[in-house]
Amino acid sequence: MGETENHQHHHHPPPPQVVAPPAAPPPNFALSRGPTWTPAEQLHQLQYCIHSNPSWPQSLLLAFQHFVVNLGTTVLIASTMVPRMGGNHGDKARVIQVLLFMSGINTLLQTLIGSRLPTVMGVSFAYTLPLLSIINDYTDEAFATEHDRFVRGIRTVQGSLIVASFVNIILGYGRAWGELTRFFTPIVMVPVVCLVGLGLFARGFPLLGNCMEIGLPMLILLIISQQYLKRVHSRAHLILERFALLICIGIVWAFASVLTVSGAYNNVKTATKLSCRTDRSYLMSSAPWIKIPYPFQWGTPIFRASHVFGMIGAALVSSAESTATFFAAARLSGATAPPAHVLSRSIGLQGIGMLLEGLFGSLVGTTASVENVGLLGLTHIGSRRVVQISTGFMIFFSIFGKFGAFFASIPLPIFAAIYCILLGIVAACGITFIQFANSNSMRNIYVLGVSLFLGLSIPQYFVMNTTGDGHGPVRTNAGWFNSILNTFFSSPATVAIIVGTVLDNTLEAKQVDDRGIPWWKPFQHRKGDSRTEEFYSYPLRINEYIPSRFL
């Protein structure tokens, strides 16, 4: 007994010393395992940010690279849709020309008076569902020739695009879109930006797999040359980091041509021929030498109410996807997050772009191209001027058809290999937004997990249950209602925006800081952060001539 009392006497005084230090060790523990990184609004490893410009020769080459990356999606959508509409190779060449021309015009408008971010406006896959339902409507009707069916279809697309464009114009310039984006927080941006990249996974390896012997070498060659070979020599570092993409396309395209000419694909399935051969697009022979796209080139637009609603759904989806892409672009070009008024005006301008597309007879509307944003991250060059120069290439090649057709005959698996890397960069860029919120908060983990999973899972269900003629799982008696819902839920980024925003704004956070609001708030207002003006103000004092309520 005495002994234990003695023990207690001995051990009573020390505890304060043993208990007191644990307050200090946690930082030491972290440091002993390596440094911790402070959150950074702007990426510091870019060689050129949004308003710094590489030398002219380099800018031209980089711009051409942007043009080539954007071309892949354009050719993909024209090759899938035009034959189904009843168009021939000549129609396909003309459609590619119009799509490129409108991409050029829209990109120029967006970089000058829209979002001011270095984003290429490329064709959007959101419009494929309403397009399929238009095609389906005309399959049963009797036409003198297939070409007449194609022209009728594209005139209906024109009418629907023209009407649907006003939704975006009103949402954007009426400032409603900007008000909606005020509900976003870093926690919502993670799944949304992540899924705008990951959601296109079908355009990666599944498309590459159509022709392994071209796609796989391209993927491996691109990774090795762009990441590993650049360490060989300081000069090689510069060239390969920036231009490896063009060099690899050249090498693999030449390889594909050799295989085609040597007869490697003479006795294979038709599908393989289409994917692998370099002469299967028939664009070179059918493209005109010079043709300037002009309004109503297919005839007068046809307005049909049933199709307009599907297009309105697609217009909203492409706005949601563009918004996510703008956040990724801002991050990868060294700018701060785009404020609400910038997002509003860029969506309004996208509506105006859509109206122009309807007038010029484009096949689908445009959205900010995710692949091209990935390219900013791949080359470490986020210069706005480079993207503006690329519009020159788009417009040039859309007018001089034969030259454009030459590059459009690059086999699609080569593009798919590029997308495997570029879309991944955008997805990873979305993940970086978590640094501004508390990633150890269980509530945040819940919101992130549910919106990420549902954002991938719901669209997958819709895609799997959509028939070849564009009928999705929602089948009520109201056709317009079906079109809108099927289009909405087939887009991963849109589902993530809906689920993420609802959960994040309704679940209570333990602390306000957990959601990253204090960091996020300044960037949403025009005067909130001093850098906003520097990145997003209009060029050449246009501001002085525009009434302030429209800015």
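Each residue, glycine too, has its Cβ placed from N, Cα and C.
TrEMBL annotations: computationally assigned, not manually curated.
Keep in mind the model is a prediction, meaning the values are calculated, not measured.
According to TrEMBL, the feature region 'Disordered' maps to 1-35.
Here TrEMBL flags 14-28 as compositional bias 'Pro residues'.
Sequence-distant contacts of the transmembrane segment (63-83) (same chain, six or more residues past either end, CB-CB distance under 8 Å): 91-92, 95-96, 99-100, 103, 120, 122-123, 125, 128, 131, 135, 150, 203, 207, 243, 245-246, 249, 281, 363-364, 369, 371-372, 375, 379, 386-390, 392-394, 397, 407-408, 410, 412, 414-415, 418-419, 422. Residues annotated as transmembrane segment in TrEMBL: 63-83 (among others).
Positions annotated as transmembrane segment by TrEMBL: 95-113 (among others). When Cβ-Cβ distances below 8 Å are used as the criterion, the transmembrane segment (95-113) is approached by residues 70-71, 74-75, 77-78, 82, 87, 119-123, 154, 283, 287, 291, 293, 297, 345-346, 349-350, 352-353, 356-357, 360-364, 366, 368, 384, 387-388, 390-395, 397-399, 401, 404-405, 408, 538-539, 542 of the same chain, each at least six residues removed from its ends.
Residues or ranges marked as transmembrane segment by TrEMBL: 119-138 (among others).
For the transmembrane segment (159-177), the residues of the chain that approach it from at least six positions outside its boundaries are 130, 134, 301-304, 307-308, 310-312, 314-316, 319, 323, 340-341, 343-355, 357-359, 362, 365, 550, judged by C-beta separation under 8 angstroms. Summarising the annotation, TrEMBL assigns transmembrane segment to 159-177 (among others).
Per TrEMBL, transmembrane segment is recorded for 183-202 (among others).
Annotation comment: TrEMBL describes 207-224 (among others) as transmembrane segment.
What TrEMBL lists as transmembrane segment is 244-265 (among others).
Annotation source TrEMBL lists transmembrane segment at 386-408 (among others). For the transmembrane segment (386-408), the residues of the chain that approach it from at least six positions outside its boundaries are 53-54, 59-60, 62-64, 66-68, 70-71, 74-75, 93, 96-98, 100-101, 103-105, 107-108, 111-112, 118-120, 281, 283-284, 286-293, 372, judged by C-beta separation under 8 angstroms.
TrEMBL lists 414-433 (among others) with the feature transmembrane segment. Outside the transmembrane segment (414-433), and at least 6 residues removed from its termini, the chain residues within Cβ reach (under 8 Å) are 69, 71-73, 75-76, 186, 189-198, 200-201, 203-208, 210, 214-216, 218-219, 222-223, 245, 249, 252-253, 256, 324-325, 327-328, 331-332, 370-375, 377-378.
Positions annotated as transmembrane segment by TrEMBL: 445-463 (among others).
Beyond its flanks by at least six residues, the transmembrane segment (483-503) meets 126, 129-130, 133, 183-184, 187-188, 191-192, 194-196, 198-199, 306-307, 309-310, 312-314, 316-317, 320-321, 323-324, 446-447, 450-452, 454-456, 458-459, 462-463, 466, 471-474 of its own chain at Cβ-Cβ distances under 8 Å. Under the heading transmembrane segment, TrEMBL lists 483-503 (among others).
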Which stretch from 119-138, 183-202, 244-265 shares the most C-beta pairs under 8 Å with the transmembrane segment (445-463)?
183-202
Let me spell it out: take the transmembrane segment (183-202), skip the flanking residues so only those 6+ beyond its ends count, and list any with a Cβ under 8 Å from a Cβ in it.
125, 321, 323-325, 327-328, 370, 374, 419, 423-431, 433-437, 444, 447-448, 451-452, 455-456, 459, 463, 491-493, 495-497, 499-501, 504-505, 515-517, 519-520
